[in-house]
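J.: Handing you this structure, nothing more for now.
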Amino acid sequence: MTDAITIIGGGLAGCEAVWQAAERGVRVTLHEMKPHAFSPAHHLAGLAELVCSNSLRGESLENAVGLLKEELRRAGSLIMAAADATRVPAGGALAVDRELFSAFVTERIENHPLVDLMRGEVADIPSEDIVIVATGPLTSDGLAERIRAITGPNLYFYDAIAPIVTAESLDMTKVFRASRYGKGDGDDYLNCPLNQEEYEGFVDAILAAEKVPARDFEKVVHFEGCMPVEEMAERGRETLRFGPLKPVGLADPRTGEEPHAVVQLRAENREGTMFNLVGFQTKLTYPEQRRIFRMIPGLENAEFVRLGSMHRNTFINAPALLAPTFQLKGDARILFAGQITGVEGYVESAGSGFLAGVNAARLVRGEEPVVPPLATALGALVTHITNADVKHFQPMNVNYGLFPPLEGKVKKKERRGKLAERALAELDRWIGTV
């Protein structure tokens, strides 16, 4: 074993792992296949490309993902520094300009004196170095075969990408600005109200639409947080109205009442020239997307700069294969990080990369790997991912249901605040030791 670390994959997890290891004085080689090869879902040449939504979800500590963000900020996360520096208006959420975000991370990685960035596809895992595999949900076929030889079969499912429209193509006479319950600046989202007749027609069109078929060998298992819009419609006619099209907290200023349903558009860039359709990940064919999404009031003449699409997501059976340190049980010099471990979400991926990077650096220095305290958001997530039911393991977002209970009686409305307070105190004590 050498004193070097090899990291495969320049996504959020890989870049966070690189940063943490290099900042601890260890030389790191990062392998990223772009721009020599692109997956079907990637378009930017830079590192840390966001391929699904441009939102890192809620900021409030009332949400576990908000707590995880704060933990990572306190721990010196590169991904959180990039997100804070490139944010765009998004109400109570943290959304970013994805091109600026990628550029920020790329510049930091390229200019770190202890990082060697190697552009090109990798088809094998080094046999001597400490290695972090952070190849993400779109692992190349060659490397996937090598990983499969080490870990056994992977399970495939699809994530889904939402369409983006230009702001200038929208009919603003039919759209109103507002954030749900007035959060954020109060007008961060564009809202397209639908009456009952419009909603029913929209659902009918989605249900009858032509979809891109999955290939026979690919098992389709959708994670709830990125469910295709047509899949939701198939669950029931009201599902969309209680999901991404829910109107609660969004009174139409022209009527003073909540519409029957609302399609929300969120800024895709700082300039506000592009908006994505929130929750509209889809595997509808491109012609059907143009036809059906232009049924939405205000989008009749929408110009689509990107249409929705589906891409494969590959993840290992983490509880069977990984220790809580993210080391492979069968070969402790190999660590995994990111969505390939079964964490779901940008922030969760960054968190797993943080821990993998810290532990890889500790291995180089001859120190014992560490696990975050269970009471922290990162610790609760890591513990779940590596200790879940092996037979029924599925990807998981961070959530307060993963946390150990508080001691004593706590009022329900105070519970999350107390969990967050405890977590940050534990995090502050722990981070000084790693």
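Our numbering is plain: 1 for the first residue shown, then up by one each step along the chain.
Using N, Cα and C of the backbone, Cβ positions are placed for all residues, glycine too.
Annotations per Swiss-Prot:
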- Gly9, Gly10, Gly11, Leu12, Ala13, Gly14: FAD binding site (BINDING)
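Have a look at these and tell me how they're positioned relative to everything else.
T.: Non-local contacts of Gly9 (FAD binding site) by the CB criterion (under 8 A, 6+ apart in sequence, same chain) comprise His31, Glu32, Val133, Ala134, Thr135, Gly136, Gly338. Look at Gly9 (FAD binding site): DSSP puts it in coil.
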J.: Show which residues of the chain containing Gly11 (FAD binding site), separated from it by at least 6 in sequence, have their CB under 8 Å from its CB.
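T.: Within the chain, Gly11 (FAD binding site) has Cβ neighbours under 8 Å at Leu47, Ala48, Glu49, Ala134, Thr135, Gly136, Gly338, Ser349.
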J.: Measure from the Cβ of Leu12 (FAD binding site) and count the other Cβ atoms within 10 Å, all protein chains considered.
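T.: Looking across every protein chain shown, the total is 34.
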J.: Around the recorded FAD site, report the further residues of that chain (criterion: Cβ within 8 Å of the mean position of the Cβ atoms of Gly9, Gly10, Gly11, Leu12, Ala13, Gly14; site residues excluded), sequence-ordered.
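T.: Near the FAD site, the remaining chain residues are Ile7, Cys15, Glu16, Ala17, Leu47, Ala48, Ala134, Thr135, Gly136, Ala337, Gly338, Ser349, Gly353.
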